[in-house]
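Novice: What Swiss-Prot lists as N-acetylalanine is Ala2. Residues annotated as repeat 'WD 1' in Swiss-Prot: 64-105. Swiss-Prot lists 149-190 with the feature repeat 'WD 3'. Positions annotated as repeat 'WD 4' by Swiss-Prot: 193-232. Residues annotated as repeat 'WD 5' in Swiss-Prot: 245-284. Annotation source Swiss-Prot lists phosphoserine at Ser257. If you look up Swiss-Prot, you'll see 290-329 marked as repeat 'WD 6'. The repeat 'WD 7' feature in Swiss-Prot is assigned to 332-372. Here Swiss-Prot flags 374-413 as repeat 'WD 8'. According to Swiss-Prot, the SUMO2 cross-link annotation covers Lys407. The repeat 'WD 9' feature in Swiss-Prot is assigned to 419-459. Feature annotation from Swiss-Prot assigns repeat 'WD 10' to 477-516. Per Swiss-Prot, repeat 'WD 11' is recorded for 519-560. Per Swiss-Prot, the feature repeat 'WD 12' maps to 562-602. According to Swiss-Prot, the feature repeat 'WD 13' maps to 604-642.
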Amino acid sequence: MAEVAAGVGRFKSNYAVERKIEPFYKGGKVQLDQTGQHLFCVCGTRVNILDVASGAVLRSLEQEDQEDITAFDLSPDDKVLVTASRALLLAQWAWQEGSVTRLWKAIHTAPVATMAFDPTSTLLATGGCDGAVRVWDVVRCYGTHHFRGSPGVVHLVAFHPDPARLLLFSSAADTSIRVWSLQERSCLAVLTAHYSAVTSLTFSADGHTMLSSGRDKICVIWDLRSLQATRTVPVFESVEAAVLLPEEPAPELGVKSAGLHFLTAGDQGALRVWEAASGRCVHAQQRLRGPGRELTHCTLAHAAGLLLSVTADHNLLLYDARSLRLRKQFAGYSEEVLDVRFLGPEDSHVVVASNSPCLKVFDLQTSACQILHGHTDIVLALDVFRKGRLFASCAKDQSIRVWRMNKSGEVACVAQGSGHTHSVGTICCSRLKETFLVTGSQDCTVKLWPLPEALLSKGTGHEGGPVFLQAQATQHCHDKDINSVAVAPNDKLLATGSQDRTAKLWALPRCQLLGTFSGHRRGLWCVQFSPMDQVLATASADGTIKLWALQDFSCLKTFEGHDASVLKVAFVSRGTQLLSSGSDGLLKLWTIKNNECVRTLDAHEDKVWGLHCSRLDDRALTGASDSRVVLWKDVTEAEQAEEQAKREEQVVKQQELDNLLHEKRYLRALGLAISLDRPHTVLTVIQAIRRDPESCEKLETTVLQLRRDQKEALLRFCVTWNTNSRHCHEAQAVLGVLLRHEAPDELLTYDGVRASLEGLLPYTERHFQRLSRMLQAATFLDFLWHNMKLPALPTAPAAL
């Protein structure tokens with residue numbers, strides 16, 4: 001524990017992204033492979049391939065044109081994937097390698113809306129927004145058929161399951177189903193029974209029966225031998241997909257007799273099983289209230305025994321096909337993330353509130369996702385109790401809910417409460433014990449909700465349903481929306497922050513006003529108590545963070561640095577630093593003592609609404625309007641250890657370099673200096689070589705024995721030396737060796753040689769001119785010396 005405390009108390013200097021939870025499905029088609037191990041789905045310009053077991057994105061396929069994907073299909077043999085983009089290009093992929101094997105024009109005059117393979121994985125049919133249907137041979141790489149006659153967008157194509165019959169079915173805006181013969185290259189029949197768009201076509205195993213579904217709330221059974229409708233089944237909902245079930249008993253689905261049964265998915269948000277002969281619904285899932293629950297897609301993987309359904313809010317649900325037991329849940333797109341929290345005693349899970357009534361709980365180890373239903377409108381805020389298993393949520397539906405995660409990681413609602421008259425925008429849990437909740441609302445009031453002891457003593461999942469909470473105290477606190485509430489570490493104080501530009505301090509449990517913090521120029525988004533000192537932090541839309549003293553309500557410090565609203569603030573490093581997030585998508589780390597912004601982190605592209613720190617203070621979690629949830633890891637100690645190791649390595653190498661120079665082992669000394677990537681050190685070695693009596697030969701021998709990458713580095717260093725007249729001689733000496741012994745063609749293949757030559761030429765010319773002038777001056781001095789010699793003095797006469 002002492003080590004943990006010491007680690008928490010150190011100043012942090014940097015965070016690094018540990019992992020991201022990003023959107024992988026934004027609507028459109030989804031498809032399982034035959035084994036049920038891979039899931040293919042569209043996300044804008046990419047087709048993402050998910051590993052069903054782990055939930056991780058294995059590969060993202062994006063066409064060269066980088067346009068939105070409008071349609072795709074996987075061949076029945078799971079070998080070929082074809083995608084169509086808005087640029088009217090078709091791409092054939094070897095998806096397991098992630099490579100494009102063929103790219104060709106769709107020849108449609110408008111984007112491709114749908115496509116489907118035939119059972120042999122040889123033919124591909126494409127339906128376009130131009131009303132045309134085309135058939136392609138993907139093995140021989142040519143177009144085989146072009147069918148016209150469909151009015152409007154062709155949004156559905158399907159091949160007959162018997163490849164010998166060579167029949168293609170399509171449906172367009174006229175609500176009819178057209179049957180095309182590939183042999184006769186003509187339309188055999190137009191099947192009319194629907195009065196609204198046909199949404200799916202599926203075939204029986206023997207190929208004699210076809211089921212069609214539509215938004216006209218009916219499903220039609222067709223006899224493909226006579227091409228006539230044999231039965232119309234009213235299903236009382238707009239159907240987006242229908243699936244024929246295998247003709248075998250499935251008691252858990254209500255299939256107890258032989259005969260044709262099918263499953264529908266539609267706007268009621270529940271899967272239902274129907275008996276075709278009687279038109280009865282023999283099994284139905286429980287319906288869930290709230291928007292976004294409508295089912296938009298459903299597909300069956302027969303070999304894997306899996307059924308996949310997709311909801312309107314982009315959640316993917318994987319069921320056991322024989323029992324409809326839920327196996328997996330995937331959150332494809334979270335839209336705008338409004339709040340995030342670590343969950344579990346060891347912060348092993350993450351709970352996310354997005355622009356949806358559903359909560360999403362992710363296991364950080366396995367990436368498994370749970371989707372929690374309960375609220376009927378958008379969830380706005382979250383908070384977690386001290387032990388980590390119990391957490392609370394509040395929403396626009398004016399209610400709050402309490403959830404508990406059991407030891408196996410399953411989460412269930414254990415309590416709910418209502419009483420506010422407007423959206424509940426903020427919630428905070430008690431800090432010492434799991435005893436109460438505090439909520440703030442757009443009705444300008446704060447409510448205190450005690451948790452009954454019976455709730456705390458019971459396990460997860462009450463047989464009688466969630467416990468109903470009653471508010472113990474209600475207080476009108478501000479004149480505008482309350483954006484944030486915070487409970488002090490001792491559970492005796494409450495802070496509120498509002499759009500009225502003030503924060504207020506209250507005494508619990510009676511909510512008595514103690515004082516007001518005034519000073520911000522715009523509304524407050526967040527208030528937080530320091531875990532160590534009697535200090536309150538406030539974050540405002542004016543782009544500042546302020547620290548306030550609880551004793552006299554004075555402003556102690558103001559932190560400026562965000563260019564936009566500061567949305568969240570949290571204390572880290574035992575209250576000595578702050579972590580803040582803003583609407584500019586940035587995360588900032590501050591040291592309180594000197595008002596310094598230590599680090600600015602950028603991993604989001606929009607407003608960062610959610611910010612939470614782990615129990616050990618070594619990780620942080622952020623969620624933003626760009627649909628991303630980012631997990632950050634404190635890398636301060638790792639970076640410090642890395643820097644220390646680098647310094648020690650530099651000292652050792654410097655000592656080794658000095659020893660090599662002393663021993664006149666120039667080749668190894670030069671190689672070591674180059675590996676250090678220090679031009680001045682390399683210059684020192686070159687100067688030592690040139691001081692040797694046999695400098696020319698030794699320099700030439702040493703340079704020529706270097707590897708090519710070392711010569712490239714040496715050439716770059718020469719550019720730096722050549723800019724200084726004191727070091728240009730060493731640069732020119734090295735350059736002379738290279739030019740004399742390396743062929744021009746070889747030199748031109750060096751990495752960065754052109755940039756090096758551009759840097760060498762002007763300074764070399766300048767040095768040449770300077771030396772030429774010096775040579776002229778020296779020659780002139782020599783000339784003057786020879787011409788200014790004094791004549792010989794006359795010899796003195798001999799003495800008489």
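Cβ atoms here come from the backbone N, Cα and C positions, even for glycine.
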Novice: To see if you understand the setup: which same-chain residues, six or more apart in sequence, place their Cβ under 8 Å from that of the residue listed as 'phosphoserine'?
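Specialist: Expected: Glu275.
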Novice: Under 8 Å between C-beta atoms and at least six residues away from its ends: which parts of the chain pack against the repeat 'WD 9' (419-459)?
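Specialist: 377, 380-387, 390-396, 398-400, 402, 404, 406, 467, 469-491, 494, 496, 498, 506, 508-509, 511.
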Novice: Note down the number of other Cβ atoms within 10 Å of the Cβ of Lys407 (SUMO2 cross-link), including every protein chain shown.
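Specialist: For Lys407 (SUMO2 cross-link), the count of other Cβ atoms within 10 Å is 10.
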Novice: Counting CB pairs under 8 Å, which listed stretch among 149-190, 193-232, 332-372, 477-516, 519-560 touches the repeat 'WD 13' (604-642) the most?
Specialist: 332-372
Novice: Which residues, given as numbers and ranges, are at least 6 beyond the ends of the repeat 'WD 12' (562-602) yet have a Cβ under 8 Å from it?
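Specialist: Beyond its ends, the repeat 'WD 12' (562-602) has Cβ neighbours at 8-15, 522, 525-526, 528, 530-533, 535, 537-545, 547, 608-613, 617, 620, 622, 624, 626, 632.
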Novice: Take the repeat 'WD 1' (64-105) and find every residue of the same chain, 6 or more past its ends, with a Cβ under 8 Å from one of its Cβ atoms.
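Specialist: Residues 28-29, 31, 33-35, 40, 42, 44-47, 49, 111-117, 119-121, 124, 126, 136, 138, 141.
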Novice: Taking a Cβ cut-off under 8 Å, which residues six or more beyond the ends of the repeat 'WD 7' (332-372) line up next to it in the same chain?
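Specialist: Distant Cβ neighbours of the repeat 'WD 7' (332-372) are 19, 21, 23-27, 41, 43, 54-56, 290-292, 310, 313-317, 378-384, 387-389, 391, 393, 395, 397, 403, 405, 409-411, 413, 609-616, 619, 621-625, 627-629, 631.
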Novice: Using DSSP, break the repeat 'WD 6' (290-329) down into helix, strand and coil residues and give each count.
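Specialist: DSSP composition of the repeat 'WD 6' (290-329): 0 helix, 23 strand, 17 coil.
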